[in-house]
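Below: one structure, written as structure tokens.
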Amino acid sequence: MDVKINSTNGNGKAPTNGTVGHPPTVPCHPISPAPLTSASEATLGRHVARRLVQAGVNDVFSVPGDFNLTLLDHLLAEPGLNLIGCCNELNAGYAADGYARARGVGACVVTFTVGGLSVLNAIAGAYSENLPVICIVGGPNSNDYGTNRILHHTIGLPDFSQELRCFQTITCYQAVVNNLEDAHEQIDTAISTALKESKPVYISISCNLPAIPHPTFSREPVPFSLNPKVSNQRGLEAAVEATLTILSKAVKPVMVGGPKIRVAKAKSAFVELAGTSGYPVAVMPSAKGLVPENLPHFIGTYWGAVSTAFCAEIVESADAYIFAGPIFNDYSSAGYSLLLKKEKAIIVEPDRVIVANGPAFGCVYMKDFLQALAKRIKKNTTAYENYRRIFVPHGQPLESAPKEPLRVNILFKHIQNLLSGNTAVIAETGDSWFNCQKLKLPEGCGYEFQMQYGSIGWSVGATLGYAQAATDKRVIACIGDGSFQVTAQDVSTMIRCGQNTIIFLINNGGYTIEVEIHDGPYNVIKNWNYTGLVDAIHNNEGNCWTAKVTCEEELKDAIETATGPKHDCLCFIEVIVHKDDTSKELLEWGSRVSAANSRLPNPQ
């Protein structure tokens, strides 16, 4: 049975369940011939627009430039597409990243080289996080290729391949469309590859081609159809047998969810195994939000020395652990400080299973493996019972004195009370990583942050994109002042799009996460009047409300306003806190990462 990509609903909008390539609920039927398209519509530009809609994209984030203007005209003409102009290419890429997290696929359109190299950092981040982002660049006129001419927006050489070479290492497919004969094939291959690989792709389209009719575009595009990934049955059975051999000998096994659960589309299979096994369930920090925290045996975030209280003790004392889709790097391991042993671990990758120090089983997909294991595993609640014995409920932060300067732990106590199934949290790189990890997510509450790439400023664009895709949720973004200064401009686009996000701007005067790794004068930034800046951006056009708070009383008033009379507005709340007010987890993590970074060279 084929697997169809998101199709549009009657209103022209695609489903917002964030799933791309999931099997339909009914068997697929043969595709009937599509109707003929008029010559004026049988153009490359119109084909690109319709393909984006079929893939699940209804909002494209763009920055205009002379090489992409005609293409933008055709995207605007597509009823199912909404073109969102961003303030710069970096934010357009971050917005496509955030959109892909909520919708399952995102897209951005920029101009040649000056735009392409600006968006590069955002596309690299999407690659690291396994997000299918379609990056389209308006390229040079097709007649200029091979002419030895020097064009504007280039580095002054007649070779136009610099941009392409930059994208080759951070995208899974690159298409340079400079003739109409193979344009149809190149575009379809690029988009379908992004969906199959769950990675970004690069498409360059010559600026003189989008408006030209061609016979290959004379029909409505046949809907995408991707073949489902099927595990090697004998390998699957062998992987389950080898795993059960390890688990049958274990007294207190545990399960840990990792970030690759998303790309493997294995959330439901992981939840099924958690229910049948009875094991304690933890998540790696970059997987927060991918595993429901209302599971009966959920014990929190496993992050080595900065784990949720009592979580690391249970995981690291286990005699067997199943890690589903983990990424072990210096950040997720808190400076390589995890106390794990390979001989105890079953590592389930999206397409392979590694059992202890023994065999590896390829062509075995995570979803299939977890479901097969769930059918045969024996219930074992020993480790969870141990967790219950040692668990002590979390304490509340000390009460604030009247008008006492606001503390970060008080701020996050109130953010916790804001959360519901109709909200989503976006956590910026910095101390928000650690404070947001401690939030307890109600069922249905979204959660996103960029841990692998960790690019400061990511959250502004990502908030724009996520909120545009997940219209059923109110986004709550926690952003540090240093990060905000990198990408602040696109608060303007949020206002223009009518979004009602709540942004908590945490003003502590610098790059606090860097301070805790290695301090120096370079970590102090020029303070801005952040509410004044957003008021100037608002400029009485659109719905926006700002507040500056310095104590708990003012914070309560601001939140009441943001959730009451201003619930339909973009609400920007600047929170003034002490420069040394950080989470204990950041203090511990920073010292461990510092130690890892400052290791002396090995003897030669």
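Including glycine, each Cβ sits where the backbone N, Cα and C put it.
Sequence annotations record features per position, and here TrEMBL assigns compositional bias 'Polar residues' to 1-19.
Residues or ranges marked as region 'Disordered' in TrEMBL: 1-24.
Residues or ranges marked as domain 'Thiamine pyrophosphate enzyme N-terminal TPP-binding' by TrEMBL: 43-148.
Marked as domain 'Thiamine pyrophosphate enzyme central' by TrEMBL: 241-353.
DSSP labels the residues of the domain 'Thiamine pyrophosphate enzyme TPP-binding' (450-575) in these numbers: 58 helix, 28 strand, 40 coil. The domain 'Thiamine pyrophosphate enzyme TPP-binding' feature in TrEMBL is assigned to 450-575.
If you look up TrEMBL, you'll see Asp481, Asn508, Gly510 marked as Mg(2+) binding site. Cβ neighbours within 10 Å of Asp481 (Mg(2+) binding site), excluding its own Cβ and spanning all shown chains: 25.
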Tell me the Cβ contacts of Asn508 (Mg(2+) binding site) under 8 Å, same chain only and six or more apart in sequence, or just say none.
Gly480, Asp481, Val577, His578, Lys579, Asp581
